[in-house]
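J.: Copied straight from TrEMBL:
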ACT_SITE  His69  active site, proton acceptor
BINDING   Asp70, Val73, Gly75, Asp77, Ser79, Glu91  Ca(2+) 1 binding site
BINDING   Pro166  substrate binding site
BINDING   His196  heme b binding site
BINDING   Thr197, Asp250, Thr253, Asp258  Ca(2+) 2 binding site
DISULFID  Cys38-Cys118  disulfide bond
DISULFID  Cys71-Cys76  disulfide bond
DISULFID  Cys124-Cys330  disulfide bond
DISULFID  Cys203-Cys235  disulfide bond
DOMAIN    28-334  domain 'Plant heme peroxidase family profile'
SITE      Arg65  site 'Transition state stabilizer'
Amino acid sequence: MKLLLVIFIVHAIFIPCFSFDVSGKDFPLTLDYYKSTCPTVFDVIKKEMECIVKEDPRNAAIIIRLHFHDCFVQGCDGSVLLDETESLKGEKTASPNINSLKGYKIIDRIKNIIESECPGVVSCADLLTISARDATILVGGPYWDVPVGRKDSKTASYALATTNLPTPDEGLISIIAKFYYQGLSVEDMVALVGAHTIGMAQCRNFRSRIYGDFRVTTALNPLSATYLAKLQEICPESSGEGDRNVTAMDNVTPNLFDNSIYHTLLRGEGLLNSDQEMYTSMFGIQTRRIVSKFAEDPLAFFEQFSKSMVKMGNILNSKSMVDGEVRRNCRFVNT
């Protein structure tokens, strides 16, 4: 753990800082939205995320993934945080989220502190977006400016959570279509998947990969065969056995945000079929080129990841921007 923290500190010295112009007459978000109403919000979130990631570096990946799953359903409106009630069907029990999506208690913890300082001011959607940026930085990733001013949705969509989110076994063309639907390009997709450099995956999500074409994509490399054997120890072939056993998607630097995940794909060792498809799919002419670029140039990856995270964070729920709210408790609509 001490060695890991040293790596983080050394790496952080060289973290590039990327800023983007978010001005525009029709753009609803701004960088100084809370300047007068809650000027400490960014500092509070940063301080809490520092503690949270120090407690467990995996929390960084958990928060980034939670943000992703929020933005792909109704836009970045905090709908993924809503608990199910008699009158609201939540997103937490949808197939891509149930038994795998975490981080709700982390958001509760930060929200409680912010509410004590600036009650009724900072939306859960903004809180989650800022937390995802800070989580990235804390494990060695890049900084970017986070435009804020989102409103929290009063609704959730179980149906969209089931259909909009990419799945681990999905084919490349289908995943590209899901990103395009959100206004995100192929380059955005390849960059955002780079967040898997710090992620963990459950056996149920990579079983078909390691008992499928894993050996083919690694060109029968003996070193890859050893890695595969370890994966098969973690994840038995029979469905239902060890479904929730987990392993890192980046088997080289699993707690450090870097471009190692792309080198994994070049070796054919991608843990998820959806990731490996970006390099080995017959339809992946463009994605293969981008994967190679990010593997060769970590700064290019960092810059594009930053841009793509801003772009994804700017997917808004137009309805909530008009008649949404700032939830006092991220789990429930205000009453």
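Backbone N, Cα and C define each Cβ position, glycine as well.
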J.: With the cut-off set at 10 Å between Cβ atoms, which of these disulfide-bonded residues ends up with the most neighbours? Options: Cys71, Cys118, Cys203.
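T.: Going through Cys71, Cys118, Cys203 one by one, the largest Cβ count within 10 Å is at Cys71.
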J.: Given the Ca(2+) 1 site residues Asp70, Val73, Gly75, Asp77, Ser79, Glu91, which other residues of that chain have a Cβ within 8 Å of the mean position of their Cβ atoms, reported in sequence order?
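T.: In sequence order, the nearby non-listed residues are His69, Cys71, Phe72, Gln74, Cys76, Gly78, Val80, Ser153, Ala156, Ser157, Leu160, Ala161, Asn317.
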J.: Beyond the listed site residues Thr197, Asp250, Thr253, Asp258, identify every same-chain residue whose Cβ lies within 8 Å of the center of their Cβ atoms for the Ca(2+) 2 site.
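T.: Other same-chain residues near the Ca(2+) 2 site: Ile198, Val252, Pro254, Leu256, Phe257, Asn259, Ser260, Ile261.
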J.: Among the binding-site residues Glu91, Asp250, Asp258, which residue has the fewest other Cβ atoms within 10 Å of its own Cβ?
T.: Asp258
J.: Relative to the Cβ position of Ser79 (Ca(2+) 1 binding site), how many further Cβ atoms are located within 10 Å?
T.: 27
J.: Are there residues of the same chain, six or more positions away from Pro166 (substrate binding site), whose CB falls under 8 angstroms from its CB, and which are they?
T.: Ser174, Ile175, Lys178, Phe179, Ser274
J.: CA-CA, which of the recorded positions Gly75, His196, Cys203, Cys330 lies nearest Asp258 (Ca(2+) 2 binding site)?
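T.: Result: the closest of the recorded positions to Asp258 (Ca(2+) 2 binding site) is His196.
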J.: Test of understanding: give the count of other CB atoms lying within 10 angstroms of the CB of Cys38 (disulfide bond).
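T.: Step by step: centre on the Cβ of Cys38 (disulfide bond), count other Cβ atoms within 10 Å, giving 19.
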J.: How far is it from the residue listed as 'heme b binding site' to Asp250 (Ca(2+) 2 binding site), counting Cα to Cα, in Å?
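T.: Taking the Cα atoms only, the residue listed as 'heme b binding site' lies 7 Å from Asp250 (Ca(2+) 2 binding site).
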J.: Just to verify a number: CA distance, Ser79 (Ca(2+) 1 binding site) to Cys71 (disulfide bond), in angstrom, no decimals.
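T.: So the alpha carbons of Ser79 (Ca(2+) 1 binding site) and Cys71 (disulfide bond) sit roughly 9 Å from each other.
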J.: Compute the C-alpha separation of Asp77 (Ca(2+) 1 binding site) from Cys71 (disulfide bond), stating it in Å without decimals.
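T.: With distance taken Cα to Cα, Cys71 (disulfide bond) is 7 Å from Asp77 (Ca(2+) 1 binding site).
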J.: Just give me the nearest neighbour of Cys38 (disulfide bond) among the recorded positions Arg65, His69, Gly75, Glu91, Cys330, Cα to Cα.
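T.: Of all the candidates listed, Cys330 is nearest in space.
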J.: For Val73 (Ca(2+) 1 binding site) and Cys235 (disulfide bond), what Cα-Cα distance in Å is obtained after rounding to a whole number?
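T.: The separation of the Cα atoms works out to 30 Å.
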